[in-house]
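For reference, the structure discussed in these notes is given below.
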Amino acid sequence: MKALTATLLVGTALAAVPPQQPIQVPTEDSAWAKPLENLKDTFKTLGNDAKQAWNELASAFPDAINEYTLFSAPKKHTRRPDTHWDHIVRGSDVQSIWVEGADGQKRREVDGKLEKYDLRVKAVDPSKLGIDKVKQYSGYLDDKENDKHLFYWFFESRNDPKNDPVVLWLNGGPGCSSLTGLFLELGPASIDKNLKVVHNPYSWNSNASVIFLDQPVNVGFSYSGGSVSDTIAAGKDVYALLTLFFKQFPQYATQDFHIAGESYAGHYIPVFASEILSHKNRNINLQSVLIGNGLTDPLTQYPHYRPMACGEGGYPAVLDESTCRSMDNSLPRCLSMIESCYSSESAWLCVPASIYCNNAMIGPYQRTGQNPYDVRAKCEDGGSLCYSQLGYITEWLNQKSVMDALGVEVSSYDSCNMDINRNFLFHGDWMKPFHRVVPGLIDQIRVLIYAGDADFICNWLGNQAWTDALEWSGREKFAKAELKDLTIVDNENKGKNIGKVKSYGNFTFMRLFGGGHMVPLDQPEASLEFFNRWLGGEW
């Protein structure tokens, strides 16, 4: 569950959160310090909508505005000695390698500022955890200058690891662990209510090696004394991790590489892929990206919350007519605020847009008690983002035996860190126009946008709309392309219709029938079907 509903609901939660749950806004040593008092000149330049949103926030939560910091508290951790690890890859060593180019000139073997990074690697004994029989590695990427430590867990392909592609999986939030994707969606196993490991025959490592990464820092098993609060900053760390990982394991570097994720990964993935492609000399063979039920172009996607909640997305209405009309009435102001955010990309305009729009367009649905990740179901466990299985996963991962087997250095695991969620929101990251990066990707690699059609929070209507509207060289032909049936082709259910797909050039949109926010959870067979065919280059 790459980008959990809690991610998108931050604005709603902030607008409706009870006073005992303070909003964390930065104060000391921050440009945000007492924003409505100390930045009066900036405030005067805001539009009326943005001013009103800030005033409403300050009135509702005066103590929060003035007293709380934006940074998440560091996780308790104990660093393991270097002797614990099988390998430590020094970024400074990799950075110092020079080679002779085709033109006879000396150049660095790989680009990028890697001196401050190290990668620690430990082989995971498959027999200790019983997740899968394949070769596994876990460890940390260390940013020594900024005290950041990102946790990863690698699973080799069950099929042909010497030739199968490598995939990086990212959950969203922002602030949610990618181990959710591992155990709830597409990894080699799940965890049942008795904390037993259950084999997943539809795991995405059936025909690909998969890296699950907890990012940004202070998410899952990752930790830091500092913080990352925007998508751009997170991209540098991901590039460093992949570069050092493939340096340690060159046998995987020759394979095709893909980045996949969901929800807020609709922000992450375009930026991370762009960061990789910006380096001419690299050891990352990036071929495509896959974004599932993502948030990428809010201006185009937010108008589709009302239709999805009101019976126009292929499922019965969740909201009554009066509430639907109220959402329609709120939409113009919402879109005006997002347009201002797009024009300036200033937190002072993007934050009010997030707060107002999430309250107006997502809040009414959230208050029904229906699962925002699946319009067909009630939210069964609000504390675990509507899925009780997340509680089992969290309990299993918090076992000392599990942490020791993985070389974990933090004292506890949480599936989501809502401090990180708020940090990204209050830096204006939520509403920024990351779709503008996508045309540059399409020029170089394949891009898949897929969407389970029962999701509300990042629904298929909005994802189809932004892909049709995207400004790129093939826009007109893509928008006119026919949505064709997507059917199973390679097992006993051959011919079963699992969705719709359209494609032109390097750009593909896919609607998956019966899938919620987490397609691999709801439709595991269909998920593995399209995934394998995408990696095979069918679209």
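Quick reminder: no glycine exception, Cβ is built from N, Cα and C everywhere.
The shown structure was predicted, so the numbers you read here are calculated from the model rather than taken from an experiment.
For reference, Swiss-Prot has these:
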SIGNAL    1-17  signal peptide
DISULFID  Cys176-Cys416  disulfide bond
CARBOHYD  Asn207  N-linked glycosylation site
ACT_SITE  Ser263  active site
DISULFID  Cys310-Cys324  disulfide bond
DISULFID  Cys334-Cys357  disulfide bond
DISULFID  Cys341-Cys350  disulfide bond
DISULFID  Cys379-Cys386  disulfide bond
ACT_SITE  Asp455  active site
CARBOHYD  Asn506  N-linked glycosylation site
ACT_SITE  His517  active site
Residue among recorded positions Cys176, Ser263, Cys379, Asn506, His517 with Cα closest to the Cα of Cys350 (disulfide bond): Ser263
Distance [Cα-Cα, Å, rounded] between Cys324 (disulfide bond) and Cys357 (disulfide bond): 14
Disulfide-bonded residues compared (Cys176, Cys341, Cys386) - highest count of Cβ atoms within 10 Å: Cys176
Listed recorded positions (Asn207, Ser263, Asn506), ranked by Cβ neighbours within 10 Å, top entry: Ser263
Cys176 (disulfide bond) to Ser263 (active site) - Cα separation in whole Å: 10
Distance check against His517 (active site) for the recorded positions Asn207, Cys357, Cys379, Cys416, Asn506, keeping those with Cα within 10 Å: none
Cα distance (Å, whole number) from Asn207 (N-linked glycosylation site) to Cys386 (disulfide bond): 30
Top Cα neighbour of Cys416 (disulfide bond) in the set of disulfide-bonded residues Cys310, Cys334, Cys341, Cys357: Cys357
The one of Cys324, Cys334, Cys350, Cys357 whose CB sees the fewest other CB atoms within 10 Å, among these disulfide-bonded residues: Cys324
In the chain carrying Cys379 (disulfide bond), residues 6 or more apart in sequence that have Cβ under 8 angstroms from it: Gly369, Gln370, Asn371, Pro372, Cys386
Cβ neighbour count (within 10 Å, all chains shown) around Asp455 (active site): 31
CB contacts for Cys310 (disulfide bond) [other CB atoms within 10 A, all chains]: 21
Rounded distance in angstrom between the Cα atoms of Cys334 (disulfide bond) and Asn207 (N-linked glycosylation site): 43
Three-state secondary structure, which DSSP defines for Ser263 (active site): strand
